[in-house]
Amino acid sequence: MHLYHNTENDLVINVEQIHFRGQIMNKLKKRFITYGYDEIYTSTFEHYDLYANMNGTVNHHEMIKTIDNTGTVLVLRPDITIPITQQIAMNNKEIQEDLRYFYVLDVFRQTAEANEYRESTQAGVEYFGNPAPEADAEIIALAIHLLQDVHVNHFKIELGHAGFFKQLVNEMNIQKQDLNELKQYIQAKNITEIEQLLHRLDVEKDVKDIVTSLPFLYGNPLEVIEQARKLPLNTKMKNTLQNITDIYHVLQSYGVADHIVVDLGLINHMDYYSDMIFQGFIEKVGKPILMGGRYNKLANQFDATIPAIGFACDIDLLLAGIESSLLTKMKPVDIIISYQKKQEDSALDLANKLRNKKVKVLTYPNVTSKNHLPQGMFSIDITENKSIFINDNEETPFTTFEELIRLIQQARERN
């Protein structure tokens, strides 16, 4: 895989990478479908007011703006959850059944960081109508299965709760600037700066004890929750711990609990998250490759009452962390058919039949050397005397199309 930047700091991808990227996204889409999610789409251009009127979402300076011929200010889509929620809320002030949607769409933001791209692709899901811990666990299990599908072996999901920190903030008389500082220190687990800030703010001892404990409330889910319950929590904070516990027990039933750690200091910059939040990390990438959570109150901004939860995976970050060796394993072609000119009719007929079975096929007549041919998962040689199916230098003659299909299926199972 070869990624590089042009002088405008845009992402440029070569053909090999495009193919690999496409295969990864197809795997993600297939996994979404197995969980019963339907694809949804939002406009590339959105009204600026959709985002400008919401606090705690996308930084207004990060939006890429333009003006249409009517003078309306538009932005290139900086977020996907907000417009999808708007779509659902406009058609359903309340919903009577669960709605599950997935998307693979580009988002556009400009940041001050030199290494950040203006355009990135996100694959994610939104689940509307179910406020239960089982729905939260389903979303997290889906995220884990996505990573397993693309052969990410070493990863962790950090599970937290937006309500836990919000309850702490409610216990403090804190200004916005100080709050932003506190969030930064908690995210960095900078205990010294946290203590100095709290001392300057003259925070009550019980609240101070909880806030200064946040950097340590990280790790094994049940152990962290047990440790947190020893702190002077109010009733709502205790309820958030029970919610995390309930979600974790469902994740145990899914068989994915080994990938979970709890972080009660987890804070998401999107303030529309109301309850459970989580983020996923993989090796070789220094930032979360997926983030999500529950946002039960977001639809209220569109005069609707709809509980919801979702997550988004950054495709570019995911690709950066996937083993490069996978690229060679994912052959760009399923089957290479080489044939003698006299067998052209039968060879091309065979190729058409395979393509009708959704098999990717390339054909080459009069091949004298295979050194210059592209790599395929399998190959077929057709001569005047016989047709041979080849898998890893193992040659098997076949006479009928049905026999060939069986050979392909058997070879795929072995591989």
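Including glycine, each Cβ sits where the backbone N, Cα and C put it.
All TrEMBL annotations are machine predictions without curation.
In TrEMBL this protein carries:
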- 18-316: domain 'Class II Histidinyl-tRNA synthetase (HisRS)-like catalytic core' (DOMAIN)
- Asp79, Ile80, Thr81, Arg109, Gln122, Glu126, Tyr272, Tyr273: L-histidine binding site (BINDING)
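Shown on the structure are the features that TrEMBL records.
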residue	record	Cβ contacts under 8 Å, 6 or more apart
Asp79	L-histidine binding site	Tyr51, Thr57, Val58, Val107
Ile80	L-histidine binding site	Thr42, Tyr103, Leu105, Val107, Gln122, Gly124, Ala312
Thr81	L-histidine binding site	Gly124, Glu126, Met270, Tyr272, Tyr295, Leu298, Gly310, Ala312
Tyr273	L-histidine binding site	Ala162, Gly293, Arg294, Tyr295
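In three-state terms derived from DSSP, Asp79 (L-histidine binding site) belongs to neither a helical nor a strand segment and is classed as coil.
Within 10 Å of the C-beta atom of Gln122 (L-histidine binding site) sit 21 other C-beta atoms, taking all shown protein chains into account.
All protein chains included, Glu126 (L-histidine binding site) registers 25 other Cβ atoms within 10 Å of its own Cβ.
Looking at Arg109, Tyr272, the binding-site residues in this record, the fewest other C-beta atoms within 10 angstroms of the C-beta turn up around Arg109.
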